Amino acid sequence: MGGVSVYLPCCLPGASPHADAPREGRRGRGEHLVAARIPPAPDLAAASVPSGHRDRMTWRPQYRSSKFRHVFGKASTKENCYDGVPITRSVQDNHFCAVNPRFVAVITECAGGGAFLVISIHHTGKVDPHHPRVCGHRGNVLDIKWNPFNDFCIASCSEDTTVKIWDIPKHGVLRDITVPRKELQGHSRRVGLIEWHPTASNVLFSTAYDYKVMVWNLDTPDQVIKNPVRTIGMHADLVLSMSFNTDGSQLATSCKDKKIRIIDPRTGALLQEANCKSHKANKVLFLGNLKMLLSTGSSRWNHRQIALWDQEDLSVPLLEEDLDGSSGVLFPFYDPDTHMLYLAGKGDGNIRYYEISSEKPYVQFLTEFRSVLPQKGLGVMPKRGLDVCSCEVFRFYRLVTIKGLIEPLSMIVPRRSESYQEDIYPMTAGDEPAMTAGEWLMGMNRGPVLMSLKPGSKVPYLYPEKKAEKALSGSLDSTGDQGPPGLLEITLIQERIDSKESKDAKAFNDLSKEDKVQDRSWTTVSNGCEPLQCSPPKTENELLQMFYRQQEEIRRLKDLLSQRDVRIKQLELEIKNVRNSRGSH
């Protein structure tokens, strides 16, 4: 009788033999969320099965293939950090930092009133302790958010019960700013949280310690706005977080009364409500187009916990997972382009990251970034500000209070090639609004205007409206399976290409004329002054202002040159596709 060989599954490096074993109820620590489960031990009776069948039945671990399995965090060097920043000592559970491709804003500690710093994104190193600030609030500033469609507009809320909208000069804050562009007065107690609408321009949401959520339309000529367009007063306690779905048609809130609510932000109607006794939610987040929500909070035993919810049914969570016994609030960050979730705890030095899917087990732990320096808050760079040449897919700005430091932290996908990686950079939300505030208030829903992160490519693509036919403008950019285009569609595409070619030719001719003018007047400098009329800078601020202006002009010229080459290639590709489509008919 032949011997029987029994193959035992081996453990991954650094994992215990029982780390991946399935358990009833909640699983263990977040570090052991896995995509594959070890099945029961194979039956020895399988030895009687013929060898050919036995080979097909041999168990192999089913690892989920992921291009983000090896993502790692790369902290910036001391020279590329922002040092000497007096970060606020507020105990509010907010991020205290907001970032866009031009500026870093951080709430600071100051005596008498509230203030925040706005620093140029390139102004790394030691920050001047007398750097000008935005200091128009009479109470401590609790939250700040950049306008997603205007890099020079920022909103702030304060303990003085007001929300203020500020215009930041193009060359940075050179002197203290004390007068806002608009002031929103409506709350009766301190305002703790603000959020911009993700697709409509000039629509702002605020919530305060009066338990109300107010909707503001900033497209009004008044400098002081006292009447919000909508007041949502269904919450029985303090609202802890707000989050929008992709097109901004639904608002999710977590409240101190342990409930999660999904609300229609235009009417204030309650759409869904979760009241789970085993999970006390603190922060809630829509997970892009996955039709799910994620909440972070604590369990009955005060363990930090995450919970996953079906957007259509909040009666029971899809998943509950205990992470650890720490007490700091967990801040969730989700990247809808890569389906990656980042969890950063207040007071922690580590950031865990996971991959989310719409199928079980829903959450797959990837790895974590570890640091000895604890973070008080974090800012996140929009996707259009990332360095695609180094395969950067996410960037945090960690506030390290004990060092007075703002530390950029890049999440990088390791790739050998330094060329643009299209598989990790799909079309993403850009900086153009999909509609006006008035259109949104009238009931229109639109997804974000998408853009490509490929250098030199700035061709926006608008999501189709809900309950409407698919727009033709998305036919060339769609990634779904489509049939061959009809004759009418080919004609319209050709007309669009012809119109783009004529516009590009006109722009090229205009640029050629400008080049000829500049050739004839070679003494003209970038600021439009003759060398004899342009006096040298007298102060350091003037020198920096002139330097940033020239850097911006150089960047625009480089973008213009790269756009020409990319546009030519795009037109050639579109013409080739149209000809192939005609040939197939």
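Using the three backbone atoms N, Cα and C, a Cβ is placed for every residue, glycine included.
What TrEMBL lists as domain 'DUF1899' is 61-125.
Averaged across the repeat 'WD' (134-168), the predicted model reaches a pLDDT of 96. Among the features that TrEMBL reports, repeat 'WD' is placed at 134-168 (among others).
Residues annotated as repeat 'WD' in TrEMBL: 184-226 (among others).
Per TrEMBL, repeat 'WD' is recorded for 232-273 (among others). Distant neighbours of the repeat 'WD' (232-273): 93, 192-193, 195, 197-200, 203, 205, 207, 209, 211-215, 280-286, 288-289, 293, 295, 297, 309, 311-314, 336, 434, 440-441, 443, 445-448, 463, 466; these residues of the same chain sit at least 6 beyond its ends, with a Cβ under 8 Å from one of its Cβ atoms.
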Close approaches to the repeat 'WD' (184-226) from elsewhere in its chain (Cβ under 8 angstroms; 6 or more beyond its ends): 92, 94, 139, 142-145, 147-149, 155-165, 232-233, 235-244, 246-248, 251, 253, 263, 265-266, 429, 433-441, 446-449
The repeat 'WD' (232-273), counted residue by residue under DSSP: helix, strand, coil: 0 helix, 20 strand, 22 coil
